[in-house]
Amino acid sequence: MTGRTSPAGVEHSGSTVGRVTTPSPLPDPVVRVPAPAPGAPGSGGLVDRHGRTATDLRVSLTDRCNLRCTYCMPPEGLDWLPKVEQLTDDEVVRLVRIGVEHLGIEEVRFTGGEPLLRPGLTGIVAATTALSPRPEVSLTTNAIGLSRMAPALAAAGLDRLNVSLDTLDRDRFKQLTHRDRLADVLAGLKAAKDAGLTPVKVNAVLLRGINEHDAVPLLEYCLDNGYELRFIEQMPLDAHHAWTRGEMVTAEDILAQLTAAHTLVPDVEERGAAPAERWLVDGTDLTVGVIASVTRSFCGACDRTRLTADGQIRNCLFAREESDLRTAMREGATDQELADRWRIATLTKLPGHGIDDPSFLQPSRPMSAIGG
Ligand code: SAM
Ligand code: SF4
């Protein structure tokens with residue numbers, strides 16, 4: 001063979017002047033590789049076929065929980081994942097790193113189940129906040145145990161957290177969660193604020209016949225304590241499949257309660273991919289949000305991707321398919337191969353959750369096993 005092979009693997013020969021062949025003084029030719037289509041395996045971020053890019057990663061650290069919120073988990077609990085199926089701390093950190101370094105993840109939220117039950121939580125948070133580029137790192141928690149853990153989480157670099165609190169009435173809390181732990185949750189909230197994990201956000205779900213009239217007391221408690229309250233419409237993600245559209249407390253119902261007691265003015269600040277519609281309360285700059293996941297879905301602006309505690313990628317809360325990164329990782333897949341699997345899993349993200357569609361099927365995993 002007379003030609004040479006460039007470092008790029010392209011064969012070429014020297015130039016010919018008259019009858020004399022001389023070595024070319026030119027550098028090796030530049031090989032132009034066509035730019036891959038957005039979302040194609042091999043490069044780029046997590047782009048789906050509808051043009052959305054996922055930059056917000058939700059990581060479930062455990063499917064276990066110490067509460068039994070009726071809209072999430074049955075009183076007897078669930079069949080927990082066997083330990084061997086759960087990602088180890090190192091495996092979680094590796095996949096988060098691949099998301100950040102290869103796939104353009106900008107925000108990481110740890111959730112569950114109850115993430116404070118994960119023994120390695122602070123180490124995982126510290127490893128995530130040490131990544132470059134540094135993602136925003138947050139936590140969604142029921143706050144039981146937070147009064148003890150908040151300083152360590154702040155020291156690990158946690159930026160923010162969301163605490164779930166659906167009522168301030170001890171009996172209703174017990175009825176809703178099957179546990180008498182309201183005081184622990186309130187102590188956890190205060191500890192988060194004291195540790196500087198601000199703004200502390202509070203997530204509330206209202207249920208017909210239990211806490212449906214608690215919107216105003218929750219708002220007033222949050223305003224008084226400097227917490228940002230957001231109501232979330234109940235979604236069909238309960239383990240016992242008891243959700244019905246007719247029984248759901250809607251965003252409209254919630255706003256009717258709030259406006260009967262307070263003046264709400266829409267907050268015109270750019271909402272971006274944030275799911276909460278926000279209102280300024282009583283002429284102040286304090287806000288309340290409503291996440292109308294069911295009645296005014298925001299799927300068109302969705303920027304989320306999810307990793308379950310057993311290492312499955314879900315491109316949507318309501319996805320019926322998952323992509324198994326755990327097995328691939330344990331069989332020796334490289335970072336690049338895992339990133340490609342994640343990209344491919346993203347391509348098929350559906351345009352919307354379709355809860356109102358007659359053909360809608362609730363996912364087989366409940367919220368606690370997916371990671372809310
Ligand atoms: N245990 C933590 C907590 O409760 O904050 C984190 C996991 S929990 C699954 C995450 C969030 O999902 C909570 O704010 C909870 O209220 C919400 N959630 C759970 N089931 C839900 C449902 N069926 N509809 C709407 N939100 C739900
Ligand atoms: Fe546990 Fe959170 Fe589900 Fe309540 S919503 S049962 S705290 S995982």
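Keep in mind that glycine also has a Cβ here, set from the backbone N, Cα and C atoms.
Keep in mind the model is a prediction, meaning the values are calculated, not measured.
Listed in TrEMBL for this protein:
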- 1-50: region 'Disordered' (REGION)
- 13-23: compositional bias 'Polar residues' (COMPBIAS)
- 49-274: domain 'Radical SAM core' (DOMAIN)
- ARG58, ARG109, THR140, LYS201, ARG304, THR305, ARG306: GTP binding site (BINDING)
- CYS65, CYS69, CYS72: [4Fe-4S] cluster 1 binding site (BINDING)
- TYR71, GLY113, SER164, MET235: S-adenosyl-L-methionine binding site (BINDING)
- CYS299, CYS302, CYS316: [4Fe-4S] cluster 2 binding site (BINDING)
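Structure with TrEMBL features highlighted.
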residue	record	DSSP (3 states)
ARG58	GTP binding site	strand
CYS69	[4Fe-4S] cluster 1 binding site	coil
ARG109	GTP binding site	strand
THR140	GTP binding site	strand
LYS201	GTP binding site	strand
MET235	S-adenosyl-L-methionine binding site	coil
THR305	GTP binding site	strand
CYS316	[4Fe-4S] cluster 2 binding site	coil
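Model confidence over the domain 'Radical SAM core' (49-274) is summarised by a mean pLDDT of 95. Taking each Cβ in turn and tallying the other Cβ atoms within 10 Å, the top scorer among the binding-site residues THR140, SER164, THR305 is THR305.
In the three-state DSSP scheme, SER164 (S-adenosyl-L-methionine binding site) falls into the strand class. CYS65 ([4Fe-4S] cluster 1 binding site) sits 22 Å from THR305 (GTP binding site), taking the C-alpha atoms as the reference points. For the pair formed by CYS69 ([4Fe-4S] cluster 1 binding site) and SER164 (S-adenosyl-L-methionine binding site), distance between Cα atoms is given as 10 Å, rounded to the nearest Å.
Checking the binding-site residues CYS69, TYR71, LYS201 for a CB within less than 6 Å of any atom of ligand 2 leaves CYS69, listed in sequence order.
Residues ARG52, SER297, PHE298, ARG304, ASN315, LEU317, PHE318, LYS349, LEU350, PRO351, GLY352, HIS353 surround the recorded [4Fe-4S] cluster 2 site, their Cβ atoms falling within 8 Å of the Cβ centroid of CYS299, CYS302, CYS316, which are themselves excluded.
Highlighted here are the binding-site residues (ARG58, LYS201, MET235, CYS302, THR305) whose C-beta falls below 6 Å from ligand 1: MET235, in sequence order.
Other than the site residues CYS65, CYS69, CYS72, same-chain residues with C-beta atoms no more than 8 angstroms from the centre of those residues' C-beta atoms, the [4Fe-4S] cluster 1 site, are LEU67, ARG68, TYR71, MET73, ASN142, THR177, MET367, SER368.
For CYS69 ([4Fe-4S] cluster 1 binding site), the number of other Cβ atoms no farther than 10 Å from its own Cβ, over all displayed protein chains, is 19. The maximal spread of the GTP binding site, taken as the longest Cα to Cα distance among ARG58, ARG109, THR140, LYS201, ARG304, THR305, ARG306, is 21 Å. In this structure, the binding-site residues under consideration are ARG109, LYS201, and the one with the smallest number of other Cβ atoms within 10 Å of its Cβ is LYS201.
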